[in-house]
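*Asks:* Pulled these features from Swiss-Prot for this protein:
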- 30-40: compositional bias 'Polar residues' (COMPBIAS)
- 1-45: region 'Disordered' (REGION)
- 555-559: region 'Required for early endosome targeting' (REGION)
- 1-69: topological domain 'Cytoplasmic' (TOPO_DOM)
- 91-95: topological domain 'Extracellular' (TOPO_DOM)
- 118-154: topological domain 'Cytoplasmic' (TOPO_DOM)
- 176-179: topological domain 'Extracellular' (TOPO_DOM)
- 195-208: topological domain 'Cytoplasmic' (TOPO_DOM)
- 230-255: topological domain 'Extracellular' (TOPO_DOM)
- 277-301: topological domain 'Cytoplasmic' (TOPO_DOM)
- 323-360: topological domain 'Extracellular' (TOPO_DOM)
- 382-408: topological domain 'Cytoplasmic' (TOPO_DOM)
- 430-440: topological domain 'Extracellular' (TOPO_DOM)
- 462-482: topological domain 'Cytoplasmic' (TOPO_DOM)
- 528-568: topological domain 'Cytoplasmic' (TOPO_DOM)
- 70-90: transmembrane segment (TRANSMEM)
- 96-117: transmembrane segment (TRANSMEM)
- 155-175: transmembrane segment (TRANSMEM)
- 180-194: transmembrane segment (TRANSMEM)
- 209-229: transmembrane segment (TRANSMEM)
- 256-276: transmembrane segment (TRANSMEM)
- 302-322: transmembrane segment (TRANSMEM)
- 361-381: transmembrane segment (TRANSMEM)
- 409-429: transmembrane segment (TRANSMEM)
- 441-461: transmembrane segment (TRANSMEM)
- 483-503: transmembrane segment (TRANSMEM)
- 507-527: transmembrane segment (TRANSMEM)
Amino acid sequence: MVLDPEEKIPDDGASGDHGDSASLGAINPAYSNSSLPHSTGDSEEPFTTYFDEKIPIPEEEYSCFSFRKLWAFTGPGFLMSIAYLDPGNIESDLQSGAVAGFKLLWVLLLATIVGLLLQRLAARLGVVTGLHLAEVCHRQYPKVPRIILWLMVELAIIGSDMQEVIGSAIAINLLSAGRVPLYGGVLITIADTFVFLFLDKYGLRKLEAFFGFLITIMALTFGYEYVTVKPSQSQVLRGMFVPSCSGCHTPQVEQAVGIVGAVIMPHNMYLHSALVKSRQVNRANKQEVREANKYFFIESCIALFVSFIINVFVVSVFAEAFFEKTNEQVVEVCRNSSSPHADLFPNDNSTLAVDIYKGGVVLGCYFGPAALYIWAVGILAAGQSSTMTGTYSGQFVMEGFLNLKWSRFARVILTRSIAIIPTLLVAVFQDVEHLTGMNDFLNVLQSLQLPFALIPILTFTSLRPVMSEFSNGIGWRIAGGILVLLVCSINMYFVVVYVQELGHVALYVVAAVVSVAYLGFVFYLGWQCLIALGLSFLDCGRSYHLGLTARPEIYLLNTVDAVSLVSR
């Protein structure tokens with residue numbers, strides 16, 4: 001729907017920030033031509049607990065830096081960083097070390113830096129507009145593309161949830177010395193999710209502190225493994241800062257691509273843009289907005305530095321201890337250590353292949369039972385923390401895209417059911433190798449969903465009607481465009497490699513049809529993104545059918561006078 005300048009928007013009331021949003025129009029007009037937000041009345045997210053409380057920012061005279069203010073803004077970045085430490089990332093890390101040694105640490109560093117820059121865009125969108133990414137997508141895209149985009153993001157969230165369930169189930173199985181079967185661990189994760197989700201009833205800061213506690217557990221457990229194995233520090237530094245991969249072949253290249261897919265999570269853009277709304281920022285004051293952007297970026301830098309160090313711990317442990325090890329060598333060590341898991345590995349001369357489960361077993365064989373149990377505790381912390389942030393992501397995405405308010409209980413029931421059923425079937429009817437093998441497929445799935453977060457975040461943060469003076473400059477636009485192109489190229493590589501392994505004509509046909517539909521939708525989003533980046537000649541005077549217009553009518557989001565229209 002495109003409104004004439006004289007046409008009035010029905011006064012539906014406030015549209016989305018649930019708090020200090022009345023001042024948004026003073027600095028940030030945003031537009032919509034496909035649909036307008038439906039009001040929820042005077043209620044303030046009645047089913048959501050996360051935004052029931054907003055953290056006040058201490059008032060001080062302006063200074064370049066204040067530790068008090070940084071502490072007040074600390075929280076969202078560490079919750080966001082959980083996605084960089086989920087079981088899928090841990091599995092990617094250990095496989096990277098076992099397959100390529102220290103050679104791919106620079107890829108991990110580069111992927112983390114790229115992730116940081118993308119999180120910066122997500123946080124800025126939430127701070128400047130008072131809306132998270134899903135809400136902005138709801139206001140901008142027409143109905144059909146909006147629904148498709150929502151389904152793609154939900155698919156990414158469910159895939160991530162499956163990884164968390166798998167990781168938690170394996171950790172419980174290891175901690176119980178196999179007494180709790182894998183399907184039992186899967187069922188336990190259903191119950192513990194509800195327990196942990198009640199924590200935010202005790203206050204936002206306590207919830208954020210609990211996440212900090214889980215990150216600390218991961219740092220201590222994986223740090224213990226690092227100290228125990230004693231990897232070569234010179235090799236670690238060389239792998240981190242020298243971008244090369246001598247002697248690398250297809251497995252190493254595929255692993256490098258897998259690192260990118262594991263580190264940069266699509267749903268994390270939606271999550272971070274929503275989490276920053278938990279701080280009280282007067283968006284009518286440009287100085288406060290700039291200050292919030294600065295402190296959120298500093299916090300994100302600290303949080304992702306911590307997550308990077310933890311990931312380096314895991315890569316280095318497996319690079320030092322298990323790079324180029326054979327199954328025969330591992331079996332011999334496990335038998336000498338009287339490990340009950342010696343039969344887990346084939347007694348042949350092929351290169352050792354590890355996953356989350358086997359990784360814990362070989363650590364126990366080489367460095368004692370303590371290493372196995374401490375590894376399992378770290379994996380459990382990774383799975384549980386990711387479970388909670390995944391639930392928040394799902395809630396924000398559903399509420400934003402569909403303007404639908406669900407209780408968190410109902411939301412967990414839905415997503416957990418979808419994630420649990422296939423995972424439970426594999427756990428019951430297959431072995432642990434098939435269960436952990438799902439992580440590789442799910443990392444590919446996450447990578448394929450990346451454009452559905454990267455393109456919208458780049459589009460909207462580049463639009464001046466949305467971001468006012470905080471829109472992306474030419475440098476960010478060029479860098480973002482190159483990044484999206486690179487990610488899409490990586491995805492196509494993933495698709496080609498994966499399809500080649502299918503080995504069946506019917507599957508080739510299905511893959512071809514899905515690939516065409518996938519690329520078509522990515523092209524659609526990319527087209528709109530290029531117009532937003534300034535290539536207005538692409539709109540051909542007809543882009544209003546797509547959701548972007550050469551002269552988009554905009555309205556002041558969340559203002560009391562919702563009928564006021566202005567034109568760019």
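Start at 1 and count along the chain as shown; that gives each residue its number.
Backbone N, Cα and C atoms are what each Cβ position is placed from, and that goes for glycine too.
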*Asks:* Would you kindly list the residues that approach the transmembrane segment (209-229) from elsewhere in its chain, counting only those six or more residues past its ends and only Cβ-Cβ distances under 8 Å?
*Replies:* 78-79, 81-82, 85, 196, 199, 306-307, 309-310, 313-314, 316-317, 320-321, 363, 367, 371, 374-375, 377-378, 381-382, 384-385, 388-389
*Asks:* Averaged over the topological domain 'Cytoplasmic' (1-69), what pLDDT does the predicted model reach?
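*Replies:* When the pLDDT values over the topological domain 'Cytoplasmic' (1-69) are averaged, the result is 49.
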*Asks:* State the residues, same chain only, that lie 6 or more residues beyond the ends of the topological domain 'Extracellular' (91-95) and have a CB under 8 A from a CB inside it; answer 'none' if no residue qualifies.
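*Replies:* Here the qualifying positions are 108, 255, 258-259, 261-263, 311, 314-315, 317-318, 354-356, 359, 436, 439-440, 443.
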*Asks:* What are the helix, strand and coil residue counts for the topological domain 'Cytoplasmic' (462-482) according to DSSP?
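*Replies:* Tallying H, G and I as helix, E and B as strand, the rest coil: 17 helix, 0 strand, 4 coil.
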*Asks:* Assess whether the transmembrane segment (361-381) lies in contact with the transmembrane segment (155-175), where contact requires at least three Cβ pairs under 8 Å among residues 6 or more apart in sequence.
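*Replies:* The answer is yes, given that the two segments have at least 3 Cβ pairs within the 8 Å cut-off.
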*Asks:* Against the transmembrane segment (441-461), which of these stretches has the most C-beta pairs under 8 Å: 70-90, 96-117, 155-175, 256-276, 302-322?
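*Replies:* Top-ranked stretch among 70-90, 96-117, 155-175, 256-276, 302-322: 256-276.
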*Asks:* Under an 8 Å Cβ to Cβ limit, what residues of the same chain, 6 or more beyond the ends of the transmembrane segment (256-276), are close to it?
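*Replies:* Long-range Cβ neighbours of the transmembrane segment (256-276): 75-77, 79-80, 83-84, 86, 88-89, 91-92, 95-96, 100, 104, 107-108, 111-112, 114-115, 118-119, 121-123, 125-127, 131-134, 153, 156-157, 160, 245, 248, 292, 296, 300, 311, 389-390, 392-394, 396-397, 400, 440, 443-444, 446-447, 449-450, 452-454, 456-457, 487, 490, 493-494.
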*Asks:* Could you pull out which residues elsewhere in the chain have a CB under 8 Å from any CB of the transmembrane segment (96-117), counting only those six or more residues past its ends?
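*Replies:* Cβ under 8 Å, 6 or more out: 84, 231-232, 235-236, 238-246, 248, 251-252, 255-256, 258-260, 263-264, 268, 300-301, 304, 307-308, 311-312, 314-320, 322-325, 352-354, 479, 483.
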